[in-house]
Amino acid sequence: MSLQGKSFKLSNGNTIPAIGYGVGTKWFKFGQNQIDDKVVEAVQLAIETGAPHIDGAEIYNTNKEIGQALAKSGVKREDIFITDKYFAGDGSYKARSEEVNPYEALKADLKQFNIDYVDLYLIHAPFIKKETHGFDLVEAWQYLEKLVDDGFAKNIGVSNFTKEDLEVILNSKPKYKPAVNQIEYNAYLQNQTPGIVEFSKSNDILVSAYSPLGPLLKGKPGPIDEYVEKLASKYGKTESQILLRSVLQNGILPITTSSKKERIQASLEIFDFELTQDEVNEINKLGKQKTLRQYWTNEYSKYD
Ligand SMILES: NC(=O)C1=CN([C@@H]2O[C@H](COP(=O)(O)OP(=O)(O)OC[C@H]3O[C@@H](n4cnc5c(N)ncnc54)[C@H](OP(=O)(O)O)[C@@H]3O)[C@@H](O)[C@H]2O)C=CC1
Ligand SMILES: O=C1Nc2ccccc2C1=O
C-alpha cells in the first residue's frame, strides 16, 4: 500500500502505477456505439506520452477505443496497467450492466479491449441487491475472485464503496480482499463517505482518487487557491501538479485525464519533487473549509 517511486504496492504484493489516465468523464460515450476517433487519439497520445495506467469502465463505452489506442501505440500489453469496472448501476438499483454478472461482463469487455486480461477489475458502485441483480454484493465479489483464479483479472477491487459496504465483503471471509477502493477525493472532499479513507487504509485497501483536480476546475474561488499558487511557484510546478502531488503524499493514487499533451506530460512529472509534511497538512486543513462533490450526488450528498 505504500508509495514506492512511481508505484504503489498493493496488499497482495502486486504493484500499480501511481498515476492513472481516465477514459470516463469527458470521454464518456454511453449509448453511442461507433468508435470515437477522438478518444482513440487521446488515449494513444496518453500512452505515447508515457501514461502507464489507463482507467476504463464498461459504462464509459470507451473500451474499444482503449484497445485500439494500445494497439496503435505499439506499447507492449504488459507495459500498460489497465483498469476496468463492472457497471453495477446507481442507487436506484435500476440501471445495471448489460451482462448477467461481473464474470460475464469482464469477458465481454475483454473482447472490446481485444486483450486477454485486465490488471484491475472494480465493482463500479456498491448498489447491488439480489432482487435487482440476481446476486448480492458478496456473490458479486465471488465472481471477481473467480476472474482472478481464471486469469482474467490480475487484481480486484471496488469503487464508491462506503465503510459498511467494505465491511460486508471483509466480513464474508473473502478468498481475496479488495486491493483498491476508487472514490471521489480531493482537498475539498477528503472523505466521499464518513471515515472511508481511514477505514480503507487501515484494511490495507489502496484508495484511488478520481476528480483530483476538482478544486482547480470547479472549486475556485476557494480556501486553498492562494496556498497552492504559492507552492506552485516555490517548486516551479503547476497548480495541478501540486494538487496531484498532495493526493499522492496522502497515500492516495490520483486518476486524472486531459486531451492536451502538455497537461498529460505534467501529470506524469509529479515524482521529482516532494511537498513537506507541513505543506500537505496545510492543504488538507484549508481544504476542509469547503465541500465540492461532483459525482454520485444522489447517493452521497446527504453526507455534506
Ligand atoms: N469510479 C467513478 O465513479 C468515477 C471514476 N472517474 C474516473 O476518473 C477519471 C478522471 O476524472 P476527472 O473528474 O475527469 O478528473 P480531474 O479532476 O483530473 O479532471 C480532469 C479534467 O481537468 C482538465 N485538466 C487537466 N489538467 C488541467 C490543468 N492543468 N488545468 C486545467 N484543467 C485541466 C481536463 O481537461 P483538458 O482536456 O482541457 O485538459 C479534464 O477535463 C475519469 O476519466 C474516470 O476514469 C471519474 C468519475 C467517477
Ligand atoms: O467517469 C465517470 N463519470 C461518471 C458519471 C456518473 C457516475 C459515474 C461516473 C464515472 O465513473
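Yeah, the Cβs are placed from backbone N, Cα and C, and that goes for glycine too.
Now, the feature entries from TrEMBL:
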- TYR60: active site, proton donor (ACT_SITE)
- HIS124: substrate binding site (BINDING)
- 23-286: domain 'NADP-dependent oxidoreductase' (DOMAIN)
- LYS85: site 'Lowers pKa of active site Tyr' (SITE)
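Neighbour counts of Cβ atoms within 10 Å were taken for the recorded positions LYS85, HIS124; the minimum is at HIS124.
The Cβ neighbour count for TYR60 (active site, proton donor), using a 10 Å radius and every protein chain shown, is 23. For the pair TYR60 (active site, proton donor) and HIS124 (substrate binding site), the C-alpha distance works out to 11 angstrom. Straight-line distance linking the Cα atoms of HIS124 (substrate binding site) and LYS85 (site 'Lowers pKa of active site Tyr'), rounded to a whole number, equals 5 Å.
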